[in-house]
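Below is one structure, written out as structure tokens, with a few remarks after it.
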Amino acid sequence: MTEHFEHVKSRQLRLYNVGVTVLMAAGSLGAGYAAAIIGTTLAQPSFLDYFALLSRSDGTDLIATTNGLFFTGGVLGVITISWLADTWGRLWALRVSTAVSIIAGALLAGSVHIAMFIFARTVAGAGVFMLVASIPMWISETAPPATRGVLADFHSCGILLGYAMASYMGYAFFHLPANENMAWRGPFIVGLVPLVCHFIALWYVPESPRWLLMNGHPERAESTLRRLHTAEEA
């Protein structure tokens, strides 16, 4: 027992572990941004004019549907992600989640009909909630015990930074001419940047050692732990 406590108190963290966690937090930022950007989008005059939401009788219903189906997509996403993460691995679950979010963001930016926008927003909800579920899972399974809480907070900080970034981007694009559709398309394009960076990074970060052990890959799990943690922890 004494050896265990000494082991936990020993220096366990490698800069590599911090670096890959920061890369994961880029996905958290993208998820937070994608969730929050709708707030400023619905206030963009060019968005409301483009889809004639103020002039049509069902405009308010369509706006409510846009918000509601985002969470419907989220429910479908969190139901799916547990199976993906356990069957294909944490990394493939993250890759699928990020790809879904990128596709949704591109569809939102390029929407030409309100039905297309609502569908894309539903897909975005699935992608966002899949990321929100899978990123902290990966971080908690790769972080050493003594610093697990700190590293897991990178996920929370990324989401909050995404919220703030969405607000500032919405405000910045609001000052474009009212007849300029880039005022509402632009923020969705900006939101693709952290998601694309995250997707690229996912091909260079290691698989969860816990998942590797659960699926009969002890050698790969040990190798990954030695990369992530100090020799004492690994």
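Glycine residues also receive a Cβ, built from the backbone N, Cα and C atoms like all the rest.
Note that the structure is predicted; figures quoted are calculated from it, not measured.
The domain 'Major facilitator superfamily (MFS) profile' annotation in TrEMBL covers 20-234.
Here TrEMBL flags 20-42 (among others) as transmembrane segment.
According to TrEMBL, the transmembrane segment annotation covers 62-85 (among others).
Under the heading transmembrane segment, TrEMBL lists 92-112 (among others).
Annotation source TrEMBL lists transmembrane segment at 118-139 (among others). Tertiary proximity for the transmembrane segment (118-139) is limited to same-chain residues at least six positions away from its ends with a CB under 8 Å from its CB atoms, namely 21, 24-25, 27-28, 30-31, 34-35, 38, 62, 65-66, 69-78, 80-82, 84-85, 90-91, 93-94, 96-98, 100-105, 107-108, 111, 148, 151-152, 154-155, 159, 208.
Feature annotation from TrEMBL assigns transmembrane segment to 151-174 (among others).
Marked as transmembrane segment by TrEMBL: 186-205 (among others). With a cut-off of 8 Å between Cβ atoms, the residues of this chain six or more beyond the transmembrane segment (186-205) that come close are 20, 23-24, 26-27, 29-30, 33-34, 37, 40-41, 91, 94-95, 98-99, 101-102, 105-106, 108-109, 162, 166, 169-170, 173, 176.
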Original post:
Can you find at least 3 Cβ pairs under 8 Å between the transmembrane segment (151-174) and the transmembrane segment (20-42), where each pair is 6 or more residues apart in sequence?
Top reply: yes
Subject >> Cβ contacts under 8 Å made by the transmembrane segment (62-85) with residues that lie 6+ beyond its boundaries >> reply: 35, 38, 42, 51, 53, 56, 92-93, 96-97, 100, 114, 117-118, 121-130, 133-134, 137, 211
